[in-house]
Amino acid sequence: MSGYLTGVLVVLAFNVIAAYAVYLPLAAGQLNLGIAGFMAIGAYTAAYLTNEMGWTILPAVVAGGAAAGLVGLVVGLPVLRTHGIYLAMATFALGQVISAIFLNLDVVGGAAGYPVTEYAPPAAVFGLAIGVVLFMLLLSSTRFALYLAAVKGDPTVADLLGISVRGIQAAAFTLGAIVAGVGGGLYAHHFSFIEAQHFSVLLSVFTVLYVLFGGTQTVWGPLVGAGFFTLVPELLRAGDQYRYAIFAFVLILFMAIRPQGLVTTAMLRLRRRAGSAA
Amino acid sequence: MSIAISVEGLSKSFAGVQAIRNLSFAVPKGGATALIGPNGAGKTTVFNMISGVYAADAGRIVVNGTDVTAMPSRRRIRTGIARSFQNIRLMPHLTVLENLLVGQHVRASSLLDLLTPFRLVPNHRWKREARAALEESGLGRYADETVSGLPYGVRKRIDLVRATLAGADVLMLDEPAAGLNPSETHALRDHLRALLGRGLTLLVVEHDMKFVDSICDNVVVLNFGEKIAEGPLSQVRRHPKVREAYIGVEEEA
């Protein structure tokens, strides 16, 4: 595999992981605009553990995910009391605060960034991305996934059917934070350098775009969205600077035609029916 | 005679407007009771208070012997009560089967139930049970259809099946026959009779008096949030206050 292709696929893998981190709370109707902050927690925690504590990469990345999940749970419980635009603003602010903390934390390099000594090869990144996709596919066959949709669709009815709406929302938020943290931890060890500026709101917004573009109705949406956002600009490279304009045009067109996202439940059912009829 | 739902001295006001005033009635177990009254009488408010959507300002609600007045709405279904909605509230993007699987939650709420990827298991017992309930109601062919694309009458019936799958023995049905055509109303009547035959208790809000007459043995009439009559429909029909509420008072010339 050429270095270029490997590079593109690594970016795709990290984008897929990040997309699922956003998808989990979004599937329960919670927009987390601070996902970059949770990636930063995972990245800095894992990097600190391998750099300063002599841990190996695997447990350090797991610990990064756990740290992000813990912050997600502790912060998520009060933050999830807000809804809609207020929740988006609260998570946006949370992401900014986390990024600002690392920017001023000298023990992990502060504004100068933090070099990471241990290196995770592309195979590890691909392995994690495939693992996350398989985990999400498995999760989509559980009651938990059904309840995410129920809580998003009609929280009052979900509550009357005995479902703990806040419990499901908090679990989705925390699980999303864990996935982001694990992704961040591996990111730090693959690129061997992290800086707080990378985990900005722009990263969060782009990740949300992947998911909205791919669609939140099915577990395939984030995968398709992340794939589209990563691969299409590469395919348009021949168009030089025009590729950004072409990409923007395609994006607006898709959003206008399919505001519900590229992949929907109705589309999957149609394909399944066509498959069984054939 | 044992009581399924007992409401005592219930009151509720919204921004100074008294929606329910000192309301008391009882729903006997194993029968069908109708809550009727003109528009705005407070029928749906009573449903919302019993199911816990609204907290009562005063009074007491007892379901199957358990005082649920201060119980969070989420827990009330565990006392054996489930409800349907006046404006159908199914999850539109899910299939009929998925909606019913959500309805089973109260009987499948352990962590293991929550995280088992049971949908990968062909013919898993939860799916089998939901399909059987649909077949029994004559709705089997809709199992894998997305709810948003189904006719109104079918969605109404699915809302009812979802309520039954919660394992409740008391069902509160908010205008189950509203918007149904005659054949759908007929099918609904048969469905409700079958549920009564299985020993379930029904509390029904309904405007169609013919339908009420064919299902319910007891009627509670509300007007402006107060109970104005109670008894068999044939009796309450003749009650002067009921006639006044429905027809109005004739002014003297």
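Yeah, the Cβs are placed from backbone N, Cα and C, and that goes for glycine too.
Where the annotation comes from TrEMBL, it is an automatic prediction and has not been curated.
Residues A:196-213 are the range that TrEMBL records as transmembrane segment, among A:88-105, A:196-213. Across A:31-49, A:55-77, A:123-149, the stretch most heavily in contact with the transmembrane segment (A:170-190), judged by Cβ pairs under 8 Å, is A:55-77. Residues 32, 35, 38-39, 122, 125-126, 128-129, 132-133, 136, 148, 172-173, 175-177, 179-180, 182-183, 186-187, 190, 203-204, 207-208, 210-211, 214, 216, 219, 221-223, 225-227, 229-231, 234 of the same chain lie 6 or more positions beyond the ends of the transmembrane segment (A:6-24) yet place their CB under 8 Å from a CB of it.
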